[in-house]
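The next block holds one structure in the form of structure tokens; read it before the comments.
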Amino acid sequence: ASDPFHCPNSSSSFFLLVGVPGLEDFHTWLGILFCSAYIMALVGNGVVLLVIGLDDSLRSPMHCFLGMLAVIDLVMVTSTVPKMLSIFWLNSTETGYVACFVQMFLVHSTTSAESGVLLAMAFDRYVAICHPLKYQTVLNRWTMVQIGLAIVGRALLFMAPLTWMVTNLSFCHSCVVPHSYCEHVAVAKLACADPRPSSLYSVAGSSLIVGMDMACIAVSYGMIIKAVLGKKSCRKAFSTCGCHICVMLLYYIPGVVSIYIQAFGSGVSAWAQVLPADLYLTLPTMVNPIVYSMRTKQIRQAVLKVL
């Protein structure tokens, strides 16, 4: 207990990730599922970044937000899926302490950053539809830089205390993490000290970020719907909002469920805690390029031009 990085019965310091507890017999099939989602996420987000970088006409604020979303998705999915595949297919469960905490930091900071980008995209649609003449003035280059810095800064400010709290725990219990990646609640439960402070901070911080973002998104789309009712552009605006809302629901609902199950779902089976968390990190990264980008006429034309 005197050494916070000491693992009993082991000559080295590491954690053991078990994958999806209770579904070990299906690890091969789960690997195929997540590998397919990973490839689609890499290709989809990579194509989005490629066409935005090559086509000078794709320099609007909305396209910048799409580029930011693609980068965040790539970091999020790459920080988790390769290790998950090594567990599912190669039974390579060992991960070092530093690698574990780096993965923890990347996973949770990118989820916070993605929520910020979704909020920024909702604000962009509000200005574009409700105040089209002021669009270039409101969302100028300096404003875009400020929004980007705010998104990254908020994610770092949220994760820095949580990472510090978890890394300063003394791990004197089992080194086996019943998860597919270094989820902070699962890691904190292995500590000698009471893990509830870090868990409560995580739940409170996540609830505050998600709650504020969802409330602001709902207000922005409510104002959009109010502004376009009875106009000829109503149908097109509703179509755009519908696509965005579907992706947001796909991102927020599994995320909220995963957060509260990890924190308070002691009576829930292990696989029902882990599998939604895994899907939460992979499915949105695969779907986002399709819904947000490929349905955008300019990006679709740019992709066809590059091909």
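Even glycines carry a Cβ here, placed using N, Cα and C.
Copied from TrEMBL, the annotated features are:
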{"type": "TRANSMEM", "residues": "29-52", "note": "transmembrane segment"}
{"type": "DOMAIN", "residues": "44-292", "note": "domain 'G-protein coupled receptors family 1 profile'"}
{"type": "TRANSMEM", "residues": "64-90", "note": "transmembrane segment"}
{"type": "TRANSMEM", "residues": "96-123", "note": "transmembrane segment"}
{"type": "TRANSMEM", "residues": "144-164", "note": "transmembrane segment"}
{"type": "TRANSMEM", "residues": "208-229", "note": "transmembrane segment"}
{"type": "TRANSMEM", "residues": "241-264", "note": "transmembrane segment"}
{"type": "TRANSMEM", "residues": "270-291", "note": "transmembrane segment"}
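Here the transmembrane segment (29-52) has long-range neighbours at 19-20, 23, 58, 63, 66-67, 70-71, 73-74, 77-78, 81-82, 84-85, 88-89, 278, 282-283, 285-286, 288-290, 293-294, 299, 302-303, 305-306, meaning same-chain residues at least 6 beyond its ends whose C-beta is under 8 angstroms from one of its own.
Long-range contacts of the transmembrane segment (270-291) within the same chain, counting only residues at least 6 positions beyond its ends with a Cβ under 8 Å from a Cβ of the stretch, are 19-23, 34, 37-38, 40-41, 44-45, 47-48, 69-70, 73-74, 76-77, 80-81, 84, 107, 111, 114, 178-181, 183, 243-244, 246-247, 250-251, 254-255, 257-258, 261-262. Through the fold, the transmembrane segment (96-123) approaches residues 5, 13-15, 62, 65-66, 68-69, 72-73, 75-76, 79-80, 83, 147, 150-152, 154-156, 158-159, 162-163, 166-167, 177, 181-184, 187, 202, 206, 209-210, 213, 216-217, 220-221, 244, 247-248, 251-252, 255, 281, 284, 292 of its own chain, all at least 6 residues removed from its boundaries and within a Cβ separation under 8 Å. Looking at the domain 'G-protein coupled receptors family 1 profile' (44-292) alone, the prediction's average pLDDT is 83.
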